[in-house]
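Look at TrEMBL and you will find 213-400 tagged as domain 'Major facilitator superfamily (MFS) profile'. Taken from TrEMBL, the feature transmembrane segment applies to 12-32, 52-75, 87-104, 110-128, 140-163, 169-195, 216-235, 255-276, 283-303, 309-329, 341-363, 369-391.
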Amino acid sequence: MNHEPKLGQHSAAVPGSILLLGAALILIAFNLRTPVTSMGPVLPDAAHGAGLSATGASLLTMMPSLCFGLFSPAAPRLSRHLRTERAILTALVALALGTALRGFGGSTGLFAGQILACGGIGVINVLLPSLIKRDFPHKVAFITGLYAMTMSVGAALAAGLTVPLEKHLGSWAFALAIWAVPAVIAALAWLPQLAVPAEAGAMRPMGRLGLWTNRLAWQVTLFMGLQSALAYIVFGWLSPILRDRGLSPVDAGLALSLSIIGQAVAALVVPPLAGLGRDQRPAIAVLSLLCVGSLLCCLYAPLGSVWVWVVLLGVAQGGLFPLALMVIVLRSPDAHVTRHLSSMAQGVGYILASIGPLLAGLLHASMHSWTGVTVLFLGLGAAMLAAGLGAGRARHIQPG
C-alpha cells in the first residue's frame with residue numbers, strides 16, 4: 001500500500017497550510033549556517049577573550065561539520081519518538097539556546113554553545129529533506145533551491161555583519177549571541193506545524209531498510225560527503241591560498257564573499273534546471289568539473305583572473321550542494337526512506353567533510369606549498385564525480 005501523502009496532506013489542519021509551511025522552512029533555512037559563519041570573523045577576539053589556545057581555536061572551527069555528522073543519526077529516532085514536527089522544534093530550541101550561549105561563560109560557553117547549536121542543525125539537516133519529499137513531492141527542485149539559497153544568504157549575512165555588530169555593541173560575545181534572534185523567530189514560525197497529523201508509516205524501524213548495504217545509498221552518501229569536504233576546504237583555505245598568491249587580506253576576504261554570492265545564485269537556479277529531467281548526471285558532471293577546474297585556476301591561473309574563478313567556483317559549489325540534497329529526496333521512494341537516507345548521507349558526509357580542511361592544512365604545513373592540496377583537490381573531485389554519476393541516475397532505492 002502506498003502511504004506517501006499528496007501535496008500538503010499533512011499541513012491541511014493548519015490555515016494557509018502550504019504557504020505557512022513554506023515560509024517556516026525558509027526561516028529555518030536562514031539559520032542553518034549562521035552559527036558557523038558568524039564565528040570566523042570574530043574568532044581571534046573570541047579566542048583571546050575566552051582564553052583559548054591556537055589548538056583550542058582550531059578545534060572550535062572543526063566543531064560545526066563534526067557535530068552535523070555526529071548528531072545526524074539521532075534525527076530519525078527523535079522523529080520516531082516525538083514526530084517530525086516536534087523533533088524540528090526541539091532542534092530549533094537547541095539551535096537558539098546554543099547560539100546565545102556562545103556569548104557567555106568563556107571557553108566553556110563557546111564550546112558548549114557551538115556544540116548545542118550545531119547539534120540542532122545536524123538534526124534539522126536530516127529532517128527537512130523528508131518534509132520536502134512529504135509535503136512538496138512535485139516541487140522538490142524549486143523548494144530545495146530556495147532552501148539552499150536562503151541558507152547561503154544567512155551564511156553571507158552572518159559572515160558580513162558580525163564584525164560591524166561587534167563594533168556597534170562593543171562586544172564579540174553579544175555579536176555572536178544576537179544570531180539567536182532569527183532562530184527564535186524561526187521556532188515561533190514553526191509552532192503552527194505542531195497541529196499537523198502524524199504521517200502514515202512514520203514508525204517503521206530503520207533496520208528494515210538495509211541502507212548500509214545498498215550501493216545506491218552509499219553513492220548518495222559519498223556524493224554528499226565529498227562535495228561537502230571540498231566546500232569546507234574552500235571555506236577554510238581559499239582566503240589563505242589567495243593571500244599566499246599575493247592578494248591583500250581584505251581582497252582575499254572579498255573573494256570568498258563573491259564565491260558565497262555565486263553559491264546563493266546557483267542554489268536557486270540549478271535545482272529547477274536539474275529537475276527538468278529524471279536524470280541528474282549531466283548537471284552533476286558539469287558542476288563537478290567546473291568546481292575542480294575553478295579551484296585549480298584559483299591556485300595557478302594569473303592572479304588578475306582570480307575574481308572570475310572565485311565566482312565560477314561559487315556557482316559550481318552552490319549548485320552541487322542542492323543537487324546533493326535533491327538526490328537524497330529523488331532516490332527515495334517515500335518520506336520515510338528519505339529521512340533515514342538523509343541521516344546516513346549527512347551523518348557520514350559531514351564527518352568526512354570535517355576531515356577535509358584538517359587534511360588540507362596538514363598537507364600544506366608538511367610540504368610548505370600547495371602541491372599536496374592540489375593533489376587532494378583532484379582526488380576528491382574525481383571521487384565526487386564518480387559517486388555523483390551513480391547517485392544521479394533515475395532510479396529508487398529498494399528497501400531491503
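FYI, residue positions are counted from 1 along the chain as it appears here.
Glycine too: its Cβ is placed from the backbone N, Cα and C atoms.
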Are there three or more C-beta pairs under 8 angstroms joining the transmembrane segment (255-276) and the transmembrane segment (140-163), sequence spacing 6 or more? yes
Averaging pLDDT over all residues of the domain 'Major facilitator superfamily (MFS) profile' (213-400) gives 90
Let me spell it out: take the transmembrane segment (169-195), skip the flanking residues so only those 6+ beyond its ends count, and list any with a Cβ under 8 Å from a Cβ in it. 11, 13-14, 20-21, 23-24, 27-28, 30-31, 34-35, 38-39, 42, 45-46, 49, 85-86, 88-89, 92-93, 95-97, 99-104, 154, 158, 162-163
If contact means at least 3 Cβ pairs within less than 8 Å, sequence distance 6 or more, would you call the transmembrane segment (309-329) and the transmembrane segment (52-75) in contact? no
I need to check the long-range neighbours of the transmembrane segment (110-128): which residues 6 or more away from its ends have a CB within less than 8 Å of a CB in the stretch? 25, 28-29, 31-33, 35-36, 39, 46, 50, 52, 60, 63-64, 67-72, 74-76, 78-79, 84, 87-88, 90-95, 97-104, 147, 339, 342-343, 346-347, 350
Other same-chain positions with a Cβ less than 8 Å from the transmembrane segment (52-75) and lying at least 6 residues past its termini are 35-36, 39-40, 43, 46, 87, 107, 110-111, 114-115, 118-123, 125-127, 228, 232, 236, 339, 342-343, 346-354, 357-358
